[in-house]
Amino acid sequence: EKRIRFAKNMALERHALEESISRAPEILVRLRSHTVWEKMSVSLCFTVQGFPTPVVQWYKNEELITPASDPVKYRIESKYGVHYNLLKNIFIFSCIVPLSYDVCFTHIDVQFLEKFGVTFGTEGETLTLKCSMLITPDLKRLRPRAEWYRDGKLDSKWTKLYFGEGQAALSFTHLNKDDEGLYTLRMVTKGGVSEYSAYLFVRDADALIAGAPGAPMDVKCHDANRDYVIVTWKPPNTTSESPVIGYFVDKCEVGLENWVQCNDTPVKICKYPVTGLYEGRSYIFRVRAVNSAGISRPSRVSEPVAALDPVDLERTQSRLCNAETYVEYLILWGDIQIPGPPTNVHASEISKTYVVLSWDPPVPRGREPLTYFIEKSMVGSGSWQRVNAQVAVKSPRYAVFDLAEGKSYVFRVLSANKHGISDPSEITEPIQPQDTVVVPSAPGRVVATRNTKTSVVVQWDKPKHEEDLYGYYIDYSVVGSNHWEPSNHKPIKYNRFVVHGLETGEQYVFRVKAVNAVGFSENSQESEAITVQAALTCPSYPHGITLLNCDGHSMTLGWKAPKYSGGSPILGYYMDKREANHQNWHEVNSSLITQTIYTVEDLTEDAFYEFKVAAANLVGIGQPSDPSEHFKCKAWTMPEPGPAYGLTICEVRNSSLVLLWKAPVYEGKSPITGYLVDYKEVDAEDWITANEKPTSKRYYKVTDLHEGHTYVFKVRAVNDAGVGKSSEISEPVLVEARPGTKEIFSGVDDEGNIYLAFECKEATDASHFAWGKSYEEIDDSDKFKIETEGNHSKLYFKNPDKSDLGTYSISVSDTDGVSSSFVMDEEELERLMALSNEIKNPTIPLKSELAYEILEKGQVRFWIQAESLSPNSTYRFVINDKEVENSDRHKMNCDRSNGIIEMVMDRFTIDNEGTYTVQIQDGKAKNQSSLVLIGDAFKAVLAESELQRKEFLRKQGPHFSEFLYWEVTEECEVLLACKVANTKKETVFKWYKDGSGIDVDEMPDLQKGECHLSIPRVQYHLVIKNDRFCLTCKSASPLKILCTEEGIRLQCFLKYYNEEMKVNWSHRDSKISSGEKMKIGGGEDVAWLQIREPTEKDKGNYTFEIFGDKESYKRTLDLSGQGIFLRPYVHGEFSWIKQNLLEIIRGMAVKKENRGKVIGGLPDVVTIMDGKTLNLTCTVFGNPDPEVVWFKNDKAFECNEHYVFSLEQGKYASLTIKGVSSEDSGKYSIHVKNKYGGETVDVTVSVYRHGEKMPEIKPGQLAKPRPIPPSEDVLKPEGTAK
């Protein structure tokens, strides 16, 4: 009905306007005379206005001109009141403009230029929707009217409108979700309506509290009365937030800013009766949602509403405008003092928490203001309770709260004025508080279909019960992410919606839920996954028709393919032709042309032709191209080449692009030698040649362009005769990298195949990934293999070699020019081939190379540890090129969880000398490690194995765990002790001296396994002699130098010393007497000579001599070396004295067998491929435990992430080099030494490069150790009697 009324009003308004503006035609700009050259074209024009639109006719020499009579000579156009006549021969022309009343309206054309698209905003932002247009004719008195609609309704309250200067705009100063919807701009003219629409999405603003819901929307007021109003709203969508549990309603008087919360507890439905309003005042309302996380932002405020009785308002208005009605009201009022009871008392709204009662005022009501009292009674109770005892109700409507759930009530109402209270009204029917509106059921099947590159159409079946629905919310999720995002933020009422803002090429699923005042339905079932792509349509039109060759009877034409194929591959093209003086088009081909080049035969020489081309796909035939230029069918004979064609622009980046083209069909009189590339900015006049010298290739990368500028390009072919015709000018190109531009990347797959890959999310089902080398399409199936799946494409190299070096490119059709290139240089190819070789011939990484250890029973354990082994891994041991099986003699085991493989040889014999190798295979991965036990290395292992076996056998019965040793107690007694193990109660202990048994009172401690024998002190002070030497003398240590504050002290340590012993100190064979310069003294275990303030004279040999009964013992020290004596104390520091110590003469002989040495055996040469981990492991020995130091090229180096040292159990030394490279080649040395000396072993490491064949492992020679002399550090002598 509204539409009908609107149409009638528009028709009346249009008719009145037509009558007022009708006028005869008026020529504003008249024809003028022209003088031109023969065969020149000339354009005659004039301007006319009038209403209705005038009809224009052209005459030549008083004869009517029709365009069909001679289309080559005449072309008549009419544009917005300006009329043109284009002609070639000059005559006298005239124009007659008759008035035609058959035309109803003046035609005003509105053409939209720049239009607003689908827009996304956020609550609180400022946003403007703009649309520029061209209005013709632009008449001030007949300007169109701009109207903005949201979801089909005029929208202006919260927006600002602007229209002028060819632009219409709609501005939002503060966006809210209420503003979301489909916006339509309608340009209304007297001749019709032009309109354009696009959707505006408004997202929730960030919550004030994390996890709080979005704000409610669409707050409205209903049934306003003196002190009462019902407020409704729509709930926000919740996807990731917790569900809404209720709402708070706030009110505020208009003109104030004091918001008051109306309800103490959250109301659960989207409707709330607000009471307690002040009559005559205006209010606005807002709503806030509540969930478990907190409270949302407030909604947009409602429209102001006045607290007035609608009946009083209507009565007052009627009284002012209608006197008769006023008399009727006076009669109704009468002289009634006490009012009658209200009538028609009923429940207008019922819910779980309240009941809204409505009634009609009493008739007659009297002239005094009325108030009402409401009473309730629980059914069956027999008692009445006044609901509003404190405050009287002024409105004939009231919400009763605090009702017991599940109980039925009856109500009655009483009227009151200043004269008294009426009788109660009739009692209502029993009313039980309950929700009359329930949660809606879930929507049915959801179907998603393709729409555009960034949108999808979602449709669903409506729920079974769709009454009282506010609408639907649609959510979407990327397949596999399980993360849902809201599509719309305001409920929509239709069961079809276009979801925008999706990513091209991505897969999505959708779900829908219904919503009403009570809440949300369950989510619908998810739709089937859909890939975001444009829907199938007919292809767009081809363009750029170019004449490539002509022989006088045929023409060869080329053109560019459509920019968009319509989502389906282009099957071919249809071409039409016509001569320049004909109106009708004629079909050139009946079957499809599959290429973008075609030769049209059977043409008339010297005739002019024009052509148009249309593309076809699975959907149908698209729009034809614009007609080409008029091409003259005249044979080409010029010596220069014809135009290049098929200009394609790809790889557009911020400062460069690549231009491709095809060779001219007509080469001229000599072969083409190269091409020149020209370019210019769109607004510039001069062309710039990009290449000084012609390029022989049919592609060129144009660089040094300005980002954000627009350019056009053309190509000219060159031969010996000169520069040929220019190609068609390309379309304008904006030099700017597309957001999210991706490039080709290289890689190696799990099978070791080298590939180049590219991903294009904009690709459609009709897209073709065209791979090329040097921008020529690849069709060599022997060298390459192309695999394309969805929006991914890979180019595999079958047998990569140096011939594959070069530039590779890819372009994706049916996209907005998506393309990329990749330069395969020698370094990159070498890297990929090395990685491929490693994958095809994988190596199991090792934590430790093959090593051995001697077990306590004399068994020899060979072991190796890999970083990881799968349950399907296999291994084998090879000894001297013969594989050994798992047996009692060779016990093998593999702990795959720890990667340890071991073999234990129960008996190691002389026959076991040789090379030990373990080979491992895990899937395709392999590795092996060898250990060479030959010569001294083998003998050392064999000796240690025999020793451990004998020790084990010895320990089977009673044995010494610690052999006999002695120590001197504080009482100066000698205590002989030892420790025993594996003893029993029956075990007998016996002490012997010089082979004769002695009786001992002290019994051994069997629990501790200790035996002791004490030698009394008197025996300790006796000098024990024999016929040849004195023990005390022989225990003397070499002379040592001690720097003191007084000077230098020469010392000799003894087991026992006192002043009664006969000793002598001498210097240069001269006896020294004790004095101030040189003082002689000693202690219990040391004899010394103190030299005070030494000078040059004190250089020379010093001798300390001890005299026995038959012979003497000397200790000598030479202080006449290169060191220079200085004063011993200078500024609190001691001078350095170079010591020249003699080898200890007797007493403490060096035990060669206890020196540090390498017994595990290291190979003299190690060869390894770079990138692997090298582990050098050997067994070291010494008593005491030796110190181990590693050197590289005779220089010590520190442990770090690359070099790792370890020494396990004091005898297994290893050096691990992680990820070896050529820099790690060189000589490595292990330095093993203790106080008795040691040795150094050298290993030469050679690293070979990737890709080379792994050398065969052959038995190597053991590295020869170099001896290290014993240390000169002095230890205090032990084990000798005083």
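The backbone N, Cα and C atoms fix where each Cβ goes, and this holds for glycine too.
Since the structure is predicted, the reported quantities are computational estimates derived from the model, not experimental observations.
Database features (TrEMBL):
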type	residues	note
COMPBIAS	1273-1282	compositional bias 'Basic and acidic residues'
DOMAIN	123-184	domain 'Ig-like'
DOMAIN	215-310	domain 'Fibronectin type-III'
DOMAIN	341-436	domain 'Fibronectin type-III'
DOMAIN	442-534	domain 'Fibronectin type-III'
DOMAIN	538-640	domain 'Fibronectin type-III'
DOMAIN	643-740	domain 'Fibronectin type-III'
DOMAIN	732-830	domain 'Ig-like'
DOMAIN	958-1033	domain 'Ig-like'
DOMAIN	1170-1246	domain 'Ig-like'
REGION	1254-1282	region 'Disordered'
Dominant neighbour of the domain 'Fibronectin type-III' (215-310) in 341-436, 442-534, 538-640, 1170-1246, by Cβ pairs under 8 Å: 442-534
Mean of the pLDDT scores, which run from 0 to 100, over the domain 'Ig-like' (1170-1246): 86
Top Cβ-contact partner of the domain 'Ig-like' (123-184) among 341-436, 442-534, 538-640, 643-740, 1170-1246 (pairs under 8 Å): 442-534
Contact check, the domain 'Fibronectin type-III' (538-640) vs the domain 'Fibronectin type-III' (341-436), 3+ Cβ pairs under 8 Å, seq sep 6+: no
The domain 'Fibronectin type-III' (442-534) - residue tally per DSSP class, helix then strand then coil: 0 helix, 45 strand, 48 coil
Counts by DSSP class (helix H/G/I, strand E/B, coil) across the domain 'Ig-like' (732-830): 8 helix, 44 strand, 47 coil
DSSP-derived helix, strand and coil totals, residue by residue, for the domain 'Ig-like' (1170-1246): 3 helix, 47 strand, 27 coil
